[in-house]
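Heads up, the thing below is written out as structure tokens.
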Amino acid sequence: MQDIIARNGLETPEPLKAEVKSVPPWLQGTLVRNGPGLFSVGNSEYNHWFDGLSLIHSFTFHNEVTYRSKYLKSETYKSNTKADRIVVSEFGTMVYPDPCKNIFAVPNFTDNNLINIIRYGQDYYASSEVNYINQIDPLTLETVGRANYRNHIALNLATAHPHYDKDGNTFNMGTAIIGLGRPKYIIFKVPANASKDPKKPALRKVQQICSVPFRSTLYPSYFHSFGMTENYIVFVEQPFKLDIVKLATAYFRGVNWGSCLKFDEKDSTFFHVINIKTGKAKSLHYHADALVVFHHINAYEEDDHVVFDIIAYKDSNLYDMFYLHNMTKETDNFIQTNKVFSPPVCQRFVLPLNVQKQDSPKGTNLVTLTDTTAQAVMQDDGSIYCKPDTIFEMELPGINYNFNARKYRYFYGSRLEWSPHPNKQIAKVDIVTKTHVEWRQENCYPSEPVFVASPGAEEEDDVILSSVVSSDPSVSPFLLILNAKTFEEVGRASIPVPVHIDLHGLFI
Ligand SMILES: [Fe+2]
């Protein structure tokens with residue numbers, strides 16, 4: 001694993017036919033995925049796995065299966081390649097472009113969008129969490145050009161995990177920190193018809209739904225995703241925070257941006273429930289113990305409650321685990337170092353909506369749903385303290401997206417074992433029975449599982465796709481197709497070139 005986690009990837013720019021074993025004929029489309037693929041340029045190296053330059057790859061199903069991969073031709077990629085060394089800072093790597101200049105030179109901000117593929121209107125973008133996104137052609141993987149959120153809406157950061165409603169509208173959240181007026185979180189929408197004029201970017205049609213003020217002006221919460229029900233956005237304001245003063249001075253102090261994130265275990269976690277149509281937040285003050293969350297699984301409304309599921313951690317050590325000096329340790333050493341890290345746990349929180357502060361009995365559980373042990377207890381000060389129902393240990397969650405914002409039963413994800421390395425198996429979890437089935441193969445590392453529904457399917461489970469790489473050189477990388485009901489293998493498409501380990505993607 002050490003050999004494949006941080007090796008520089010190869011481009012396969014022309015479609016390469018895969019060796020296919022049994023692919024369902026209805027499976028037509030392209031799975032486009034993103035992740036870090038280049039960890040050194042010239043003699044310079046990145047410090048952190050999430051710093052690697054974006055390498056996009058795709059698996060296209062159209063009577064046969066073809067594979068392609070191309071580096072995202074971001075300005076960051078072009079600048080680094082031209083200089084033959086890393087000249088643009090990333091989250092875990094601070095660099096100073098010109099050694100002749102002093103450190104008070106202004107840094108180029110990265111547009112290395114390595115996390116996910118997202119859609120605004122009919123346009124597809126490689127995205128990370130900065131103010132730039134790079135449009136790509138999802139068929140050829142060519143980079144079309146970059147867009148800057150700040151030309152269309154006042155924000156500095158935006159998530160790489162938007163939501164889509166059934167009409168094709170995209171909803172996302174961002175943060176306005178510096179130079180954009182009063183600091184705040186921003187919720188916005190890009191309408192489905194935003195790409196009517198192909199010469200103009202879909203982002204020009206962006207609409208701000210509302211803003212939410214920071215609880216603490218100088219320490220906004222970091223967030224990687226959010227939840228969406230039919231009527232509400234669910235935003236977790238967690239005590240994993242950005243230190244704005246440290247961020248503003250990091251470059252001059254010679255430390256990386258990552259060092260400006262801090263988990264405050266003594267603080268609380270706050271839940272905001274915001275009406276999508278009116279932009280108004282519920283006035284109830286929901287809170288829970290300190291936690292760290294990166295990924296929401298799903299959220300829905302039931303009998304005047306908002307139910308939402310997240311992958312929660314007890315601390316913020318996950319980010320530290322992905323420093324490359326840690327990831328490339330020998331197995332025994334890695335286990336020793338990382339065994340104290342908190343595991344990712346799926347937790348369900350339930351927020352009662354129609355609560356009258358003055359009438360509600362203090363100290364009693366206000367959750368009336370009978371299929372959960374999650375609690376929401378009215379406190380003396382009128383706030384509501386929430387305790388989760390614990391479901392399963394899992395990360396990189398996915399669902400049948402037709403069930404997004406609806407009551408659902410199954411989710412899929414990667415089971416993270418701290419030994420010897422993460423992502424050794426993928427699993428399907430039944431939330432009702434709290435049981436799971438899993439797929440694994442010796443020395444194989446499957447990526448985040450992606451659910452694809454067959455045409456006309458009404459049930460919640462159908463097929464699962466996962467890009468699998470092996471540390472055994474005799475096993476070619478392959479695109480795995482599983483029956484989503486049983487988690488038994490339906491087929492696989494072997495790729496005759498190296499494939500890199502990725503993060504997230506989209507089936508188009
Ligand atoms: Fe993510």
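Every residue number used here counts from 1 along the chain in the order it is shown.
Glycine too: its Cβ is placed from the backbone N, Cα and C atoms.
The model shown is predicted, which means the values in this text are computed figures rather than measured ones.
When Cβ atoms from all protein chains are considered, those within 10 Å of His224 (Fe cation binding site) total 17, not counting its own. What TrEMBL records for His161, His224, His295, His504 is Fe cation binding site.
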Residues near His295 (Fe cation binding site) in space but at least six apart in sequence (CB under 8 A): His161, His224, Ser225, Ile310, Ile311, Glu395, Leu396, Pro397
C-beta crowding around His504 (Fe cation binding site), within 10 angstroms: 21
Cβ atoms near His161 (Fe cation binding site) (within 10 Å, other residues, all chains): 20
Non-site residues, in chain order, whose CB comes within 8 A of the mean position of the CB atoms of His161, His224, His295, His504 at Fe cation: Ile115, Asn116, Thr159, Ala160, Ser225, Phe294, His296
